[in-house]
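Working notes, structure below.
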Amino acid sequence: MQLPQPVSVQTVQRRDLRITVQTIGTITALNTAVVRAQVSGVLQSLHFKEGEQVTQGQQLAQIDPRSFEASLRQAEGTLARDQAQLDNARMDLARYRELLRQDAVAKQQLDTQEALVRQLDGTVRADQGAVQNARLQLSYTRVTAPISGRVGLKQADLGNIVQTSDANGIVSITQTRPIALLFAVPSAHLAALSAQLNAHKALTVEAWERGGGKKPLAVGTVATMDNAIDTSTDTIKVKALFPNQDDALFPNQSVNVVLELGQLPQALAVPQAAVLRGAQGFYVYVVGADGTVHVRNVQPGPSDGGWTGVQGALQPGERVVVDGTDRLREGAKVEVVAPATSPATPSALQSGNATTGKGHRRTQSMASSGSTSGQRNATSAP
């Protein structure tokens, strides 16, 4: 007599399931700036620590200002000299005009003096421009952050001569608060995505570690999507934003993405591990009151939090096998050794296939569809 096969079970439930799209994305900085010297000179001091957060306008470095201070003083001196000459020429012009009214000077002398005033006025204007430029060049010796963000590793050491043409600059800054996530969504979801965005509804996006975890690294919202479908992949690019105040996300980081497009309220649901696939399609093993298993064909729907919405001849409260499906057949006797724990939350998102038992494989690929993620291919058909 064949002994009953030990199995673990879970009950069929009605649950609110999120309609999600699961894929892979890349974290990108919202803005990136390479801080370069705008004037050439000796790097005198650095005013930041590598890896720290800086704010826009904060001083990052100081270039030796002495030669620029000397140039400014020279320009100011030239301006003062030429301004004095202009003032004197204007006084002479006023005297010539008075003498001309008295017919005591020739008209040609007045014309010559007026030309001299115009010439000196132009010289003073040029001097004023030179002073402004000298002040600007001097201000460039104080290197400030063009954007707020995290500074990287320094690219120049104290005492070195920095040039405006230096490709690596002094340091780079990446804006990480907020930070962006770029990912691709299959075009089949474009209608639902567009409808939500056009209605100005916030679409939640979760970023998970590629290796899995118990909770998402961060939760953000969709900001926008691209204006055309990539015909080579039949996907459309989407950008999401995350506050990232805890710096959990870093530029160029690869993450698993869960995009929520809506909800399916009170859907009939079973654990993902209970859904098997055979030659006739998807099915589950239901344990009867007498300890006999029966095959029930189902049509899987959205998966969320370790549960899969299904359509089929199932009722809430019925028990389905989630572990121990090896060599099960219609009508086989089983022994429930222990109720299975509740399915893992989406923290278990991992790429690739994980082996789960003797010859069975549980698919956990981050396919963009997400409707059958977590289901298994059984070695025996129903």
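If you go along the chain as it appears here, the first residue is 1 and each next one adds 1.
Using the three backbone atoms N, Cα and C, a Cβ is placed for every residue, glycine included.
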Quiz item: Of the ranges 72-99, 100-127, 128-155, which one does TrEMBL list as coiled coil?
Solution: 72-99
Quiz item: Do you know the mean pLDDT across the domain 'YknX-like C-terminal permuted SH3-like' (267-336)?
Solution: 94
